[in-house]
Amino acid sequence: MTPASETASRVPTAPLLVAAAGGTPAHPPVWFMRQAGRSLPEYREVRKDVPMLQACFTPDLVCEITLQPVRRHGVDAAILFSDIVVPLVAAGIDVDIVPGTGPVVASPVRDADAVAALPTLAAEQLDPVAQAVGLVRAELGDTPLIGFAGAPFTLASYLIEGGPSRHHERTKALMYSRPDTWHALLGALAEITATFLQVQIGAGVAAVQLFDSWAGALSERDYREYVLPHSTRVLGAVSGVPKIHFGVGTGELLPAMREAGADVVGVDWRVPLDEAVRRLTVPGGPAPVVQGNLDPAVLLADFDAIEREVRRVVAQGRAAGGHIVNLGHGVLPNTDPTVLTRVVELVHGLTP
Ligand SMILES: Cc1c2[nH]c(c1CCC(=O)O)Cc1[nH]c(c(CCC(=O)O)c1C)Cc1[nH]c(c(CCC(=O)O)c1C)Cc1[nH]c(c(C)c1CCC(=O)O)C2
């Protein structure tokens, strides 16, 4: 028989984990995508002489940067400081992160030969990431640490385009004209992504988020045919922690993104949360759990306007089975960090 104390220790008490499990915590949990980063002077200071990817492979630095927003804002979760291209770099693919641009791929992957030549990823190649998770866990106490990965479609877009893209035209051209090559590429990326998440879970993260940031470029029909099987494989390959699935402009894809195996669906600011809950509800099923969805640009407005929007988002989130307060996409670099702290205080005062 399991002693009662052990059973009790497995019942989540952190507000983020309670909400993710469909419960009602004492106050709404809040964290911000890209909470670690250029909005913080302490981040700019420690990063000033260290390139982004070098920082991601330096456990002490990852630990420090991950903790900065938790110390400063009192958010309900830390998110591991890393990047969606980190597992690609660990596998040996030549990718750099160019400041002000984003990931740039030296040899874009555009045909069957290039897909066949992609390396696989062994868990040991991610040792610095696992070490970083261990360091963060030792410092965090009861605050959950969220691990993450980029989903196969979003990673494929960077690999095929060679960098950030507005219309994802080469990506879609390959998808429509060479479905076999496409599925081989997404299958290879699903393996890499699953390994990246498994390593983080093995090292002790309390939840994971799969970022399919650019999936909103697809129709629901194409998403279901070309992407959903691969994201489903990724989410099916990880277990033991709540899984959040997020994309931008994915209002039409919300039900499919839930079907991929998500416990929590991230919503951007274009769809109000009560409407997102309506779209996500399955007749006879449990009420969906959502994360979001303040417009990051709202944080640049007067605080009266910010407060109005925060109250609206929290009220609309009450339609859900559980709600994790967040932005609809990442913190904009020119956001005043004192505003983020005030938003956390405001949300924590909004008891159910
Ligand atoms: C698409 C994507 C990327 N990276 C990521 C995504 C998915 C989320 C999203 O949609 O924003 C994920 C990511 N990247 C980063 C995090 C850290 C954790 C967090 O605080 O959220 C996370 C979760 C750090 C980062 N990743 C990056 C930075 C900025 C690097 C710097 O400080 O110079 C940070 C803090 C670089 C990066 N990496 C990427 C972009 C578009 C950029 C910005 C380029 C720029 O504007 O300079 C690719």
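Cβ from N, Cα, C; glycine included.
Annotations in TrEMBL come from automatic prediction, not curation.
Annotated in TrEMBL:
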- ARG34, GLN35, ALA36, GLY37, ARG38, ASP83, TYR158, SER213, HIS329: substrate binding site (BINDING)
- 29-38: domain 'Uroporphyrinogen decarboxylase (URO-D)' (DOMAIN)
- 146-162: domain 'Uroporphyrinogen decarboxylase (URO-D)' (DOMAIN)
- ASP83: site 'Transition state stabilizer' (SITE)
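When secondary structure is read from DSSP and collapsed to three states, TYR158 (substrate binding site) falls in the helix class.
Around ARG34 (substrate binding site), taking its Cβ as the centre, 17 other Cβ atoms fall within 10 Å, counting all chains.
With a 10 A radius on its CB, HIS329 (substrate binding site) counts 23 other CB atoms from all the protein chains. Of all the recorded positions listed (ALA36, ASP83, TYR158), ASP83 has the fewest other CB atoms within 10 A of its CB. TYR158 (substrate binding site) sits 13 Å from ASP83 (site 'Transition state stabilizer'), counting Cα to Cα.
Among the recorded positions listed (ALA36, ARG38, ASP83, TYR158), ALA36, ARG38, ASP83 have a CB atom closer than 6 Å to some atom of ligand 1, in sequence order. In terms of DSSP helix, strand and coil, the domain 'Uroporphyrinogen decarboxylase (URO-D)' (29-38) has 0 helix, 1 strand, 9 coil. In this entry, ARG34, GLN35, ALA36, GLY37, ARG38, ASP83, TYR158, SER213, HIS329 make up the residues listed for substrate, with the farthest two CA atoms of the set 23 Å from each other. When the C-alpha distances from ASP83 (site 'Transition state stabilizer') to the binding-site residues ALA36, ARG38, HIS329 are tabulated, the minimum falls on ALA36.
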